[in-house]
Amino acid sequence: MNKAVFLDRDGTINVEKNYLYKIEDFEFTEGAVEAIKLLNQNEYKVIVISNQAGVARGYYTEEAVDKLHEYIQKQLKKYDAHIDAFYYCPHHPIHGVGKYKLQCKCRKPEDGLYKRAIKDFNIDVEKSYAVGDKLSDLIPAVDNNIKSFLVMTGYGKEEVKNIKTDMRITKNLYSFVTEII
């Protein structure tokens, strides 16, 4: 079985910018590249799980999301780092348009994408972690017995006051990695 770190994307890996899809707007959070490289070196599967409601709302396409993920991989490769997989939900139950207006099991806080990744990568949840800047990023991890960390980047500073579960708090993705390695 494999150990993994499940990462939210916006506000955790990259600076939070509403409905980010343009490559020119992408910016890693401080220490994110180094953190991902350390996770790779320590044999963690690095798996991104992200809600992409901008697709559901018609702001951008799934192809734009895929293009941005390819760009992220290209940037990480320059530092001998990589993300093992990107999973994202393009749906929204209220604000979705057309086929994307859907109450699904993949949109966080539901755990459908976590369950799929756990199966796809044969993940040992007891040796795994989740990191995000919103409680809704971490609820599916907690539901699957994955140790969870709320980062103070993105929406983390606003979300911290609502913590009621056994989540830990850390400055950013890099500080999380230094705590577990």
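Even glycines carry a Cβ here, placed using N, Cα and C.
Since we're looking at a predicted model, the values are computed, not measured.
When K78, K134, K147 are compared with the substrate site residues D8, R9, D10, E16, K17, N18, Y19, S50, N51, Q52, A53, R107, K108 in Swiss-Prot, the one appearing in that site is K134. D10 (active site, proton donor) has S50 as its nearest neighbour among the recorded positions S50, C89, H91, C104, C106, going by CA to CA distance. The shortest Cα-Cα distance from Y19 (substrate binding site) to any of the recorded positions (D8, S50, R107, D133) is found for S50.
Taking Cβ-Cβ distances under 8 Å and a sequence gap of 6 or more within the same chain, the neighbours of C89 (Zn(2+) binding site) are S50, N51, Q52, C104, C106, R107, K108, G112, L113.
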